[in-house]
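Engineer: Positions annotated as FAD binding site by TrEMBL: Arg95, Pro96, Tyr97, Leu112, Lys114, Ser122, Thr164. If you look up TrEMBL, you'll see 44-148 marked as domain 'FAD-binding FR-type'.
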Amino acid sequence: GMSMLPRRSLSLLHRASTLGCGGQLRRCSASSSLEYASSCYLPTSWLELPLVAKRDHNHDSTLYSFGLPEGQALNLPTCACLLLRVPGTPDDAVRPYTPISEEAKLGSFDLLVKRYPDGAASQYLHELSVGDAVGFKHVAPNVKRQHPFGVKSISMLCAGSGVTPMLQALRKLVGDPNDTTEVMLMVGNKSVDDILMKDELDELVRSAKGRLRVVHVIGTAADSAAPDGWSSGATYTAETGWIDRAKVEEYCYPPSAETLVFVCGLPAMYESLCGPRTEPELAEGSLLHSLGYQAAMCVKM
């Protein structure tokens with residue numbers, strides 16, 4: 001029960017700071033202080049919230065809505081993630097998720113979760129019924145760069161549900177009439193059917209009036225063949241294979257003090273592009289490092 005928490009909260013925080021915002025587990029060093037002042041409704045200790053709705057988003061992803069008190073908004077900082085507790089797993093495993101709902105939405109917030117066969121959290125959520133309670137909290141290490149970002153251009157590299165923190169940033173960037181930042185979003189997925197939030201991404205491109213370019217990379221291997229009928233459209237560029245050196249060189253803004261690169265995906269993606277998520281430096285030999293980017297230009301979501 002909740003009385004167990006104080007003794008375990010440090011180890012939970014330690015576990016929690018190892019995770020990327022798409023819900024994947026990672027190793028890390030011990031996290032920072034337990035308390036911090038935040039705009040977020042969620043405290044730094046566990047709070048139980050009810051599941052109020054669930055509906056399928058695509059073949060393996062579900063949209064879950066969790067209830068807040070009437071008139072209350074989540075108010076999570078841009079691109080930040082909240083932590084979800086998975087009971088019944090060793091040490092009650094913790095997973096981070098970035099909501100896809102607007103942070104000012106009143107009365108509830110929405111998580112978009114992809115089901116993985118061995119994913120403890122996604123299976124736990126999948127089996128919940130409306131009315132069941134789920135434990136959430138929000139801690140300081142999971143707050144990243146905030147809008148306005150203060151640069152001329154941003155390249156976003158992500159895969160799968162790693163698109164969710166990028167979506168929160170894009171809403172701020174596109175929704176602010178005074179923002180002139182140019183943005184390139186590159187999203188990797190195994191198939192066209194796996195693309196999450198494609199309709200909203202299309203809409204953001206239309207609203208951005210030339211400031212946003214979206215590149216969808218589809219493939220299960222570096223040399224994957226293009227799926228039947230896969231071609232570029234008015235709102236996106238179609239690419240095939242993996243997010244690799246050639247694509248980063250072609251589409252990302254070149255290294256400069258006026259640019260940022262946001263990264264979010266599975267651990268292997270961080271390893272390849274920039275080094276582990278929990279290490280602030282850009283790993284030697286990583287793709288972004290080899291192309292001349294510096295740690296100050298790279299934001300590991």
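Note that Cβ sites are derived from N, Cα and C of the backbone, with glycine treated the same way.
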Engineer: Quiz question: given the binding-site residues Arg95, Lys114, which has the greatest number of C-beta atoms lying within 10 angstroms of its own C-beta?
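Structural biologist: In terms of Cβ crowding, the pick is Arg95.
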Engineer: Enter the number of other CB atoms within 10 angstroms of the CB of Tyr97 (FAD binding site).
Structural biologist: 25
Engineer: Would you mind pulling the longest C-alpha to C-alpha span across Arg95, Pro96, Tyr97, Leu112, Lys114, Ser122, Thr164, which the record has binding FAD, in angstrom?
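Structural biologist: 15 Å is the greatest Cα spacing among the residues binding FAD.
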Engineer: Over all shown protein chains, what is the count of other CB atoms within 10 A of the CB belonging to Ser122 (FAD binding site)?
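Structural biologist: There are 21 such Cβ atoms around Ser122 (FAD binding site).
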Engineer: Which one is it: of the binding-site residues Pro96, Leu112, Thr164, which Cβ has the fewest other Cβ atoms within 10 Å in this structure?
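Structural biologist: Fewest other Cβ atoms within 10 Å, among the binding-site residues Pro96, Leu112, Thr164, is found for Leu112.
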